[in-house]
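K.L.:
Have a look at the structure that comes next, please.
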Amino acid sequence: MSGRLTANRYGKHQVRVSKIRRPRRAPANQERHEFVEYAVDVELEGAFDVAFTAGDNRPVIATDTCKNTIYVLAKDHPLDTPESFGVAIVEHFMGRYEHVSRCVARLTETVWDRLNDSPHGFVARDRATPTARVELARGGQPVVNSGVEKVLIAKTTESGFVDFHRDDLRTLPDTDDRILATQLSATWTYAGEVADFAAAREAIVNALLGRFLDHYSRSVQETLYLMGQAALEACADMQEITLTMPNKHHLLANLAPFQRENANEVFVVTDEPFGYITGTVAR
Ligand SMILES: O=c1[nH]c(=O)c2[nH]c(=O)[nH]c2[nH]1
């Protein structure tokens, strides 16, 4: 048999955990709860080669054990931010298992907003989902990246796309007035210690959204760059931000066969194929 094992990593994905944060010593129906939910991916690297190459499972921390660990850690941790829980997870694995050389945790939060100011009723926000990625290598410090995904934003004017490359395969006409719609996702790194991850994320998202609106967009590319700059201005701790802005096309519907004018009113909304634009802006 030939072929060497050159890299490996394993773990558990989509470990979904929720937690009720409750003030102490109140009867259950008088407590004002907070409700948090994360989906956690955890992956390990280390001295696991023999499991792949020799069927020797002795070093393998079962992915089932990884799953149990998340629930045990959730009991002891406030789950205040995905970043801080991610740090607790990677520090646990690195602290407990000497043969693990690197641990990565990725977390996605389901945000539960209070429903009608109820002490115990919540409604899930399915947009602007906080994300975090924490990596800890042996001998190093946890590296925290934060992010946000599923920010579905649109503007119905103040966007155009003209003068793009001309050749015999181009059919798209120039337009100086179009819908610009995207499902933004972003991840960013920090230069140093961050006191408040949630506040940083809020400032960054507000800056991204404000800049999305505040100019005439000549392309998704230009708007992405301007948004990245705005985020860097809004968060002094941020080192670098990567934005992904799929172009959610709204194409003018052709109503001519039906003897109707269509002055930028009715559009065909397409999911696929879609333009995919990504870029990184650093300080
Ligand atoms: O802002 C845009 N950038 C592109 O690269 C592109 N390509 C395209 O077909 N439409 C657009 N719009």
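Each Cβ is built from the backbone N, Cα and C atoms, and glycine gets one as well.
Automated prediction, rather than curation, is the source of TrEMBL annotations.
It should be emphasised that the depicted structure is a prediction, and the values quoted were computed from it without experimental measurement.
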K.L.:
Per TrEMBL, what member of Arg170, Arg178, Arg211, Arg260 joins Thr63, Asp64, Phe161, Val220, Gln221, Asn247 in binding 5-hydroxyisourate at one site?
P.N.:
Arg178
K.L.:
Got a sec? Which of Lys12, Thr63, Phe161, Arg178, the recorded positions, have CB under 6 Å of any ligand 1 atom?
P.N.:
Phe161
K.L.:
Count the other Cβ atoms sitting within 10 Å of the Cβ of Phe161 (5-hydroxyisourate binding site), across every protein chain shown.
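P.N.:
There are 20 of them.
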K.L.:
Checking your reading of the structure: which of the recorded positions Lys12, Thr63, Asn247, His249 lie inside a 10 Å Cα sphere centred on Val220 (5-hydroxyisourate binding site)?
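P.N.:
Near Val220 (5-hydroxyisourate binding site) by Cα: Asn247.
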